[in-house]
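Over in TrEMBL, the protein carries these features:
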- A:3-279: domain 'Dihydroorotate dehydrogenase catalytic' (DOMAIN)
- A:Ser16, A:Lys40, A:Ala41, A:Asn94, A:Asn120, A:Lys158, A:Ile184, A:Gly210, A:Gly236, A:Gly237, A:Gly258, A:Ser259: FMN binding site (BINDING)
- A:Lys40, A:Asn64, A:Ala65, A:Ile66, A:Gly67, A:Leu68, A:Asn120, A:Asn185, A:Thr186: substrate binding site (BINDING)
- A:Cys123: active site, nucleophile (ACT_SITE)
Amino acid sequence: MMLPGLELKNPIMPASGCFGFGKEFAPFYDLSELGAVIMKAATGEQRFGNGTPRVAESASGMLNAIGLQNPGVDAIIEHEIPFLREYDVPVIANVAGSTVEEYVEVARKISRFVDALELNISCPNVKEGGVQFGTDPALAKHVTEAVVQVSQVPVYVKLSPNVTDIVQLAKAVEEAGASGLSMINTLTGMRIDPKTRKPIIANQVGGLSGAAIKPVAVRMVYQVYEAVDIPIIGMGGIETVDDVIEFLLAGASAVAIGSANFKNPLVCKEIIEELPQALRSYGFTSVEDVIGGAHRETATTGVLRT
Amino acid sequence: MKREWMTIIEHEPIARNTFRLVLQGTIANDVREPGQFVHIQVSNDFYLRRPVSIAEVDREEGKMTLLYKLMGKGTEELSNKHVGDTIDVLGPAGSGFPLDEIDSNHALLIGGGIGVPPLYQLAKQLHEKGVPVTSVLGFQSKEEAFFTKEFEEYGDVRVVTNDGTLGHRGLVTDVLEGSFDTYFACGPTAMLRAVSEKLDGMQGYLSMEERMGCGIGACLACVVPANDEKGYRRICCDGPVFDAKEVVLS
C-alpha cells in the first residue's frame, strides 16, 4: 500500500521513542518485516533529557518523561540512519525542537536521508517548545508551513491529544501543507507515591501511553478522519491485531505500536504475522478495505463476523 | 538476549518480604557474567517488566536463582506464582562484572539489602579464580537478612544491620577497613555514593538500579550521567555494572 512518501509492505510500524533507532530490536527479528520505522526524535543539538525516574507504571499503561534525549540531528544522520538503511524498510524521522528555527534546521538536514518526516509538535515532556506548537492551531500551522517548505519528503504532523478540539488542529496543519497526520501522542498525567508524598517521575508530569489511552485515540482518529482528506497513522495503546483493525476502522491508514514493544519486543512482528488471518476472519479482502469502515457501515442490525 | 517462558522450579520466602525464585530455561545457558539481570513480565496486566538480578546460575543445568523483594503490586503478584508455573522472561540482560579483566589480590564485596544477590554469583566466581573475598552485607534488620551463611563459603563475611539486631549496628561504610585492592558494590544509590567516596582511589565497580522501560537500551528511561563526552550511560544495557569512575552518582 502507498502513503505519501511511503511504500508499505504492511500497515504496522513501531512508534517514535519506543524503538530507539532500531538497533536494539534488530537482534529479535528482521527489521525489513516492518511496514516502516519511526525513529526517536531528533533535535538540533544533543539533548540529555530529564532526571530519573523517567517512567512509572499505571493501570493499563505507563507514564514517561524521557525529555527528548537524543544525540542531535547531525549524529543521527551520521551514526543511526545508515544502520536502518541496510534494511528494506521505509524510515520516518521524528523532528522536534524548541523554536520554529530549530524545527526547520532539523527538517532541512534530516529530510535528505529519510522517506518522510513526523513533525513532533506534541511532546509533553520538555519545558520549551514541543507541545505549545501542538495546542495552538495558529502556531501549529506556522511551524508546519515552515517545515513543509524546507522538507525534501512528505511531512506527517504528530498531534497532541491534550487539546479541547483536535479537529481544529488537524485542519490547521492540513491547510499548512501536511501530507498526513500521526495521532495521538501521549496524554499528560501524574502519579504520586504515598510513601514519599512526591510525584514518582522526576519531571513530575509524564505522558500516559498504553491500553488506557486507546479509546481516546480511536475517538480522535474517528473525528479527524471525517474532517480531513489526508491519511492518518493511528496510535495509542495498540497491543493486539484487533486493536489494529479498530484503528483502521476508525479511519487510520496505518498504525504505530509504542509501549507494547516494552511488554514484548516481538509485538510488531507478531501482529504483522497475525494480520492477514484476522482480516479474513472479519470479512475483509485487504487493508484498504478496512480503512474508515466504521464510517461506512450501513447494516442497521449488528452483523457479527467472526 | 531472548524472550522465553521459563518454568518456576523453586519458590520460597527467605527473609521478611524477600523471596527466592529458581527458574529453568535456556536463558540460564546464555548468562555470561555475574551481575547480569532478567526482565520479568509478571502478567499481561503490567505495562513494565521488572528487572531482577541473577543471584546464582547453573549454565549446564539451565537453572538460575533470583532473589527479589516485595516492592509493590508487580512483585506481590510475582510472589503468588507457584512451582510449575511459567513466566515471561527477557534476558540475560545487561553487562555484569568484568571478571576476565579483574586482577585482584583481595576483593571487597559490598551489598545493601536487595543489592546483595548479584554479589553472590560474583563471590563464587572470584573464589573459583582464587581471589580472596571479603563480603560486607548490609540489611535493615535481622528479619531482612539473607544469604549470610552462603557467602561464608567463599570468604569472610561482615554483617551490618541498621538497628543492630544482627552483626554490626550501623552502615556498611563503617566496616570497610582492610587491605583490599578492588571493590564491588550493589545497593541503593545513596549507599553506592557513600561507598565510592569512602573508597576513592581504589578500583571499584558499581551495580546500579533504576526504574526501567524496555530493558534493552531503546527507550532511555534508565540513564545515569557519565564523566565523558557522551554524557550518559544506559543502566539496562551499558550497565548495570559500571567502573566507579565512569558514572556520576546524584
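These residue numbers are counts, starting from 1, taken along the chain as shown.
Even glycines carry a Cβ here, placed using N, Cα and C.
Here the features listed in TrEMBL are placed on the structure.
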residue	record	DSSP (3 states)
A:Ser16	FMN binding site	coil
A:Lys40	substrate binding site	coil
A:Ala65	substrate binding site	coil
A:Asn120	FMN binding site	strand
A:Ile184	FMN binding site	coil
A:Gly236	FMN binding site	coil
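Most Cβ neighbours within 10 Å, among the binding-site residues A:Gly67, A:Gly236, A:Gly258: A:Gly236 holds that distinction in the structure as shown. Within the same chain, residues at least 6 positions away in sequence whose Cβ sits under 8 Å from that of A:Lys40 (substrate binding site) are A:Ser16, A:Gly17, A:Phe19, A:Gly20, A:Phe21, A:Asn70, A:Asn94. Secondary structure from DSSP puts A:Gly258 (FMN binding site) in coil. Annotation: A:Cys123 are the recorded positions among A:Ala41, A:Asn120, A:Cys123 whose CA atoms are within 10 angstroms of the CA of A:Thr186 (substrate binding site). In the shown protein chains, 27 other C-beta atoms lie within 10 A of the C-beta of A:Ser16 (FMN binding site). The Cα atom of A:Gly236 (FMN binding site) lies nearest to that of A:Cys123, taking the recorded positions A:Ala65, A:Gly67, A:Cys123 as the candidates. Rounded to the nearest whole angstrom, the C-alpha distance between A:Asn120 (FMN binding site) and A:Gly67 (substrate binding site) is 13.
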